Amino acid sequence: MKVSDRRKFEKANFDEFESALNNKNDLVHCPSITLFESIPTEVRSFYEDEKSGLIKVVKFRTGAMDRKRSFEKIVISVMVGKNVQKFLTFVEDEPDFQGGPIPSKYLIPKKINLMVYTLFQVHTLKFNRKDYDTLSLFYLNRGYYNELSFRVLERCHEIASARPNDSSTMRTFTDFVSGAPIVRSLQKSTIRKYGYNLAPYMFLLLHVDELSIFSAYQASLPGEKKVDTERLKRDLCPRKPIEIKYFSQICNDMMNKKDRLGDILHIILRACALNFGAGPRGGAGDEEDRSITNEEPIIPSVDEHGLKVCKLRSPNTPRRLRKTLDAVKALLVSSCACTARDLDIFDDTNGVAMWKWIKILYHEVAQETTLKDSYRITLVPSSDGISVCGKLFNREYVRGFYFACKAQFDNLWGELNNCFYMPTVVDIASLILRNREVLFREPKRGIDEYLENDSFLQMIPVKYREIVLPKLRRDTNKMTAALKNKVTVAIDELTVPLMWMVHFAVGYPYRYPELQLLAFAGPQRNVYVDDTTRRIQLYTDYNKNGSSEPRLKTLDGLTSDYVFYFVTVLRQMQICALGNSYDAFNHDPWMDVVGFEDPDQVTNRDISRIVLYSYMFLNTAKGCLVEYATFRQYMRELPKNAPQKLNFREMRQGLIALGRHCVGSRFETDLYESATSELMANHSVQTGRNIYGVDSFSLTSVSGTTATLLQERASERWIQWLGLESDYHCSFSSTRNAEDVVAGEAASSDHDQKISRVTRKRPREPKSTNDILVAGQKLFGSSFEFRDLHQLRLCHEIYMADTPSVAVQAPPGYGKTELFHLPLIALASKGDVKYVSFLFVPYTVLLANCMIRLSRCGCLNVAPVRNFIEEGCDGVTDLYVGIYDDLASTNFTDRIAAWENIVECTFRTNNVKLGYLIVDEFHNFETEVYRQSQFGGITNLDFDAFEKAIFLSGTAPEAVADAALQRIGLTGLAKKSMDINELKRSEDLSRGLSSYPTRMFNLIKEKSEVPLGHVHKIWKKVESQPEEALKLLLALFEIEPESKAIVVASTTNEVEELACSWRKYFRVVWIHGKLGAAEKVSRTKEFVTDGSMRVLIGTKLVTEGIDIKQLMMVIMLDNRLNIIELIQGVGRLRDGGLCYLLSRKNSWAARNRKGELPPIKEGCITEQVREFYGLESKKGKKGQHVGCCGSRTDLSADTVELIERMDRLAEKQATASMSIIALPSSFQESNSSDRCRKYCSSDEDSDTCIHGSANASTNATTNSSTNATTTASTNVRTSATTTASINVRTSAITTESTNSSTNATTTASTNVRTSATTTASINVRTSATTTESTNSNTSATTTESTDSNTSATTTESTDSNTSATTTASTNSSTNATTTASTNSSTNATTTESTNASAKEDANKDGNAEDNRFHPVTDINKESYKRKGSQMVLLERKKLKAQFPNTSENMNVLQFLGFRSDEIKHLFLYGIDVYFCPEGVFTQYGLCKGCQKMFELCVCWAGQKVSYRRMAWEALAVERMLRNDEEYKEYLEDIEPYHGDPVGYLKYFSVKRGEIYSQIQRNYAWYLAITRRRETISVLDSTRGKQGSQVFRMSGRQIKELYYKVWSNLRESKTEVLQYFLNWDEKKCREEWEAKDDTVFVEALEKVGVFQRLRSMTSAGLQGPQYVKLQFSRHHRQLRSRYELSLGMHLRDQLALGVTPSKVPHWTAFLSMLIGLFYNKTFRQKLEYLLEQISEVWLLPHWLDLANVEVLAADNTRVPLYMLMVAVHKELDSDDVPDGRFDIILLCRDSSREVGE
C-alpha cells in the first residue's frame, strides 16, 4: 500500500479495523465512506466454501465448480500480515431518521442521493415508534387526505384568483426575465395532481402537535400562539365551501416566521425529499419516476431493541421532488393570497427570507433535473469487462441477459407448440437458411418503390414454404377467436426478447429508434440474408440529424436463425391469425406509404397490411411499433445473477466501451479498425491526430468494398469475443454442405416433390398379459381385480389378439368402459410407439361423462375430437372423444386419410400411429332411423388405418349388431362362432379391417342371466303422469334426501314444462336435443358432479351411457319407448333402485314408425327383455319375474328396504286425516313449496336467502297453528303442543334468548312443516316430536332409538342425515344457520364454515366470483401474521362497528336501510370488479379486501363481504342516481378514493340518509311497476299518442312488427347488438350460427362489437369486460323467465291455430336489450313518449323493466320490449303504416323448441 493511501486509510473512520481483519473470511464488510472515496478499488471474485462456509477469494488454483458459483465485488485489497490478504467491501447501512451515515458518492452517482442529505438534511428528521402509529393514520385514510388537500387547494386558488387585478410578478425557473403572475391560472386537473402531492405534508401540518420531528416547536414559550390543529381539522373537513380563513392565517404566519411557525414550514419543506409512497392514479410522478426499481415508501422496521422505527428506503427523484415543490409553492401562494393585503412577501427582491429559501431549494432541484448522467467508465481486466458508474458490465453480463431472453422466446414458442405442429428453429435453419439450393443473392438496401416481392421471403422456393408451414396454411378459418388471440398475443410477447437478442448480437449498439425500425421488406428494408455466410445482415442509417451513412452489422449464426424463423414462420402465423380485417395501424410519420396513387385515401387496413409485411418488431394489440416502456422492462429483471442492473443508456455506453477495450487488440495499431468501431456505434470520430492520428475519417473515405470489409471484420470480432456460437454447431464451413442437414434425398428426380425426412425406427416393445393388470392397478389401486373371468379374457382379446374388429354386448352396468380403458392405458405405457385412439358416443350428453371417467388418475391424456378435426394431432393426447356426427364428418375422414403424411411432416417419425377406433352404443346405427342419413359419411372412413376397431353396446343382439356394422360399410359379424382364446388371424385379414368380419362376444348369452334383474320395475297406469311422478319424487327425497332421479319425457316441450313446474320443489337439470352441444355437455356435467342437483329431466337421449352416483329412481313418461330405450334407461340404476313406467289409462298403445322397433307391450317386462336378447323364455315357470310384477327375490337388501319405506310412506299419506292432494290448489302449492324448501334452489329463493335476509322457514302459521313466543328470557325448553289437529305450520318463536331445545309436539295430526325461528338467539337444537302422525317434512327428537330420517340434538358429533342446527359438528344435510361447522348441503347463510354444495345459496350473482377472485384477507392466516399496531386495531374495530353485518351476506342496499321486498327489485346483481372503471378499486399488490398495505390491513377474521365489494355496490348506487355526464364528473370527484375503498365507504356513509331518500324518490315509479305491478297503458301517455303511431297500434300489430324485425335480422344475418345500438346493419353470420353462449360472445368479440360499444357509449364508464360478462350467468333468473315465455308463446300460437313465429333465443334477446340500453337517441325518445317511466342507469334495472307488460291501444297486453322494438323501428324508418303489417311466419314442428 502506498504511503499516501496508508495515511488516508489511517484517517478513515474504521474503529473495528483489527477485529474485522482477524475474521477468517477473505471478504470483510466495511461501512467507511471516506475509505472507498479515497483509495483505488478493484473487482475480485469470491465464493462460499462448502466445507467451512467461509467466503474465499477466487485464485488461480480455485476449482471449476467454485468458479461457477462465484460472485464479484468491488473491493480494496489490504495486506494484514505476511502473505495474508483481505478484501474490504463497502456495505452501506440503511440510513434511518435517527441517524446513519451519508451515502457514498462513489456508490451513488446520482446527485439526488447526496442532495437529500446535504440540501434537505433528511437524516436529521427523527421518527420514533409513536410517530409511526400516527403516520399509520395517513396510510389508513390516504384517500381522505388526498381529497382534503385537493379541496383546500381548489378553494384557496378560487379565492386568490378572485382578487383584484394585481400586476405583481415573480421570476420563475422557466421565465426568468419577464416573470409570471404570482397567482397563476391552474386547471382543475393540475390542482388535483397538486393535491395528491400535498396530501402527506397536509397530514404533517394537521398533526404538528403529535409528531416528534416538530419537538422544537412544541416547546412552548411565553406569549406564543400555537397552531390549533383541532380547529384546522374542523375547518378543512371536505365540505362545500371549505373554511380556509384560519388556514390562510397560519400560512402567512409561517412565511413571516411569526411565533416560530417558520420552523414548521422549514421541516415540512425538508420532508418533501421523503418518499411517502406513490399517489393514486393520475397523481404525481411520470413514467421515469415510476420505473425506479425497489422503490418503497416510509415503512416500519424493528431495531435491535424491538422498537419500531421508520427508515428511508428510497428518496424522491429530482423530477418528483420538483413537482412536490411546485405543489407547495402553489398552496403557499394561493393560501396567503386569500387573506394578505398584498403579495410583497413573494417579491424576488424584497420578499421574505422563507420565500427566498424556497426559491433556492426549487432552483437546485430544477437544475438537477436538467443534468445528464455522467458515465464514469473504468476498465476491470480481472473480469474481462468494465465498470459503468460502479456497476460491473462484462461478457457474462451480456451472455446472461442474452440467454435469458432466448429462454423466454423458447418458452413462448412452447405455448404455441401446444396448439400447433411448430417446426423448430433448427429445422427451419437447416431446411432453408443453410440450404445452398436456396439463393439469397440480391442487392442490399431498400428501393424507391414498394413491391410485393421486396423481401427475402419471396426468394424461398414454394416447395420449401409448403413443407415449413404444413399446419399453418390449413384449416385457418376453423381456428377459434380465442386461439387466434392466443397466437397474436404470444408472438407480440416474444418480439421483445428477440429485440434484446438482436441488440446484444450486433455488439455495436443501436439507439432504440434505430432498433425499432428494423424492416425485412418495403422501402425502409434493412434486414437481409448474406448468401455467403448465411447470417442476417442489418443495413441501418438512423441518425438524429439524418446525415449518417448506412452502417452494416452482422448477426451471429444463432441470432440469425431466430430472426429468420421469426420472419418466415411466426410473422406468417400472426398474419393468418389477425385476418384480412385487421386495421389497428394508422398512418404515422415513421412509415413510408408508397405504391398508392393517393396516399391520403389509404385505409387503416391497407396500412396494417403493409406494416405486417414489412416491419419486424410490432405490437399488434396496440397498433404500433414496440414501445420503449415495454422494451426496457427486461432491464429491471435481467440478468438474474447481476447484483446491479444497468439502464439502457448505461448499457449503450458500456457496449461501446467493451468494443473499445475488450473486443479487439489491434485498435492501437490499426486506426481504421478503431475508427470503424466508433462509427458503427454512431459516434462521431473527432478529427485530429490527438485521437486517431488521421485528419478525418468516414466510411466514405475508403472504397465501398473496403468499408463493407471493415464493418464485417468489426462484427466478426464481436461475435468471436461474445462466443454465442461456441455451442452452436452451425459454423460457416458447415453451411456449404447444408444438404446433409436436410433430412433425406428426394424420392424421385422430380424437382417439385417434397423433401423426405430421415425417420427413426425403434424396435417394438412386446406386449404382455401383465400390462393389463398393471393398468388396472394404476387406475383402481393395488387391490384391483377383474369382475369375472369374462372381463379378463375380453381385455386380453382386445389388447393381445390380432383380431382387427371386435364387437361386445354386455348388460348395462357390467363395466364395458374398462374393456377398452385398460388396454388404452397399457398402450400408453409403451415407449416405442405413440398410439392415438378415438372413442365415439351417440349423444353429446355422454361426452362430458366419458371424458371425466377416462381422464381420472391422469393415466390417459384425453381431449375432444373437435380439437383433432380443427387442429390435427398434437402429439400429446392418447384418446380423442367425440360423437357420431364427428365420426361421420368429412374433415375427420380427411384427417385419417392423410395420417401418414401428416405424421411424417410434423413429427418426422413413423412411430406415431393410429390405435383403437372405439364406438360405444353402436346399435344406434341401426335403431336410430331418423339419424341414419347423418351416418352416411362413416362409410368413407378408412377403417384399415386403425390397429383395431371395437364396438360396444348393451342392447345389440346379433341381428341388430350385424345390420349396424354393415350400415357403416363393414362386412358385418362373423358367420360362425370363434373360440375366445383363438388368436390366429384368418386369411381375410390381409385384405384389411373393412373386409374382415367382426368378431362378436355376447356376454349376456354366455352368462345366461337376464339383465336388469337388480332393479325393481313397476308399471302404473295413472290419470296424470306429471302429478304421479312428482309424488314419487317427493316421497323419494323425503326418505333419501341425497339421492338423485331421472325422468324421461316424450317431447321437448314436456321436458321444459316439467322443469319449470318442478323447479320450486327441488333442483332440476333439463336436457333435450334442441340444446347446443356445449350446453348439453355443461348441464350433464353439472348434474353428475353437483351433489345438490336432484332430478335430470330429458328425452330418451339421457338414458344411454351416463354413470350417476346416488341414482335411485328412473321414471318413464314416454309411451313410445321401445325395448332398447327401456333397457338403456333402467340400466342407469347400476346398484339397484326403482324404475316406474307411468302411462295414462287407456292410452298406452302407440304405433311405431316405419323401420323403428315396436314400443314395449303391456305385461311382464322381464319376458320382453328375454325375448329381445334371445334368452330362454320362462313364461309360466318359476323365476319368470325378476325384479318386476311385485317380485323382490332377486333384489338387493337396500332396494328392498327402499321399496318398503316408500310403501310405508304411501300408507301414512293414505290414512292421514287430510292428504296434501285433497287441499285446495293454492293451499297445496304453497305448502308443497314450504315442504320441499330444503331441496328448492330457485333463483328467487337464492336471492332472498342471501340478500334479503329471509329465512327458508317463515314464521307465518296457517289453520289451527300454535305459536309459543318467549321474549328476553333464557328458555331451556319451549314447547308448542297440539292434539288432534291439522297444523300446516307450527312455529316456536324466541326473541333475544338462548334456546337449548325448542320443540313442537303434535299428536294424531298432519304437519306439513314444523319449524322454529329465533331472532338474536342461539338455537342448539330445534326439533319436532310426532306421535301417530304423518309428517311431510319434520324433525323428530329421539333418545336411544334408530330412525333413518330423524334429528337429534348433537354437540361435537357427526350426523349422517339430520335437519337441525348443530354446533362444532358436521351436518350432511341441514336447513338452518350453523356456526363453526362444515355443511355438505345447506340452503342458508353460514359463518366460519365450509359449504361444499351451496354455490347457489351462499353466493349469488357476483358474490361467488368476488369471493373466488377477491377474497377478503384473513389477518390471522396470512404469512405476515403480526400483532397490529394500536392504530390499525382501533381502525379495524371502528369499521366493524360502522359496518356490523359484513360477517353475513350483506349488501349496500341493506346498509342504506331498504326492506327485503324493495331489495329484491332494486337488487344490484352483476356488480363486480368489472363494473368499476379501470383504476378504480383495482390496485394490485395490496390487500384484496381493503386495498391497503398488508401491514395496515383493516379486514377482520370471518369477514364475508369485503369492504372492496361494498365499495363496488356503493358505486353502483351512485350510478343509479346519475346520468352519464354526472356520473363521469362524479368519478373525477372521487378520484382521491380510487385506491381507497374503505375511505370511499366512509365518504359514502356520510350521505347515507340522503342517498336513501333520493333512491326512494327517483325510483318510486320503478318500484310501483316492478314490485306492485302497476299497469302501464300507452293511452295514458299523451305525448306518445300525439308523437308516435306505435302508441295507436293494437297489441297484435306491435307483436307482428316485432316478429317482422327479427325475421329480417335473421334473414340478413345482421349483428343484433350493433343494429339496436345505432341501426348499423353489419353482417355477422357467426352470431346466428353460434350454438352456445361462449361461441356467441366470441363472434361478437371477433367483429369488435364490445370495443365499439365502449368507445361510442357510456359502457366506457365501466370495466372492459363488463358488457361481455352480461352474457354469462348474471341474468339466470331473467333467462329462466324468458325461456319459459317461449314455451307459453308457442302454446298460445298453437291454441290460436296459427303457424308459430320464430322468436330470438336468449343471447340474441339479451343483445337486443343491451343495444337498446346504450342507444341514447332511442332512450330519450322512449322516455319522452312513455310518460309512466323515467330514466334507469343500471343495466339490470333496464332488463327487469323491459319485461313488464303494457296495455296497447286495444287494451291487449304486450311485453314492453316489443313496444321498445316498435319505437326503435319507427325511428329508423320514415313512417310505420297504421294498417296490418306483413310478417314472415316461419313454420315449425310443434314438438320442436321455439327459438334458435
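Each residue, glycine too, has its Cβ placed from N, Cα and C.
Per Swiss-Prot, the listed range annotated as region 'Disordered' is 1254-1278 (candidates: 529-553, 1004-1028, 1254-1278). The DSSP secondary structure for Thr817 (ATP binding site) is helix.
Around Lys816 (ATP binding site), the C-beta neighbours below 8 angstroms that are at least 6 residues distant in the chain are Val808, Ala810, Asp920, Leu952, Gly954. Cβ neighbour count for Pro811 (ATP binding site) (all protein chains, 10 Å cutoff from its Cβ): 22. Listed in chain order, the extra residues whose Cβ falls within 8 Å of the Cβ center of the ATP site residues Ala810, Pro811, Pro812, Gly813, Tyr814, Gly815, Lys816, Thr817 are Gly954, Gly1131.
In the three-state DSSP assignment, the secondary structure recorded for Pro812 (ATP binding site) is coil. Packing around Ala810 (ATP binding site) is summarised by its Cβ count: 23 other Cβ atoms lie within 10 angstroms of its Cβ, all protein chains included. Other Cβ atoms within 10 Å of the Cβ of Tyr814 (ATP binding site), summed over all protein chains shown, number 22. Taking the domain 'Helicase ATP-binding' (797-974) as a whole, pLDDT averages 82 in the prediction. It is Gly815, among the binding-site residues Pro812, Gly813, Gly815, whose Cβ has the fewest other Cβ atoms within 10 Å in the structure shown. All chains included, 18 other C-beta atoms sit within 10 angstroms of the C-beta of Thr817 (ATP binding site).
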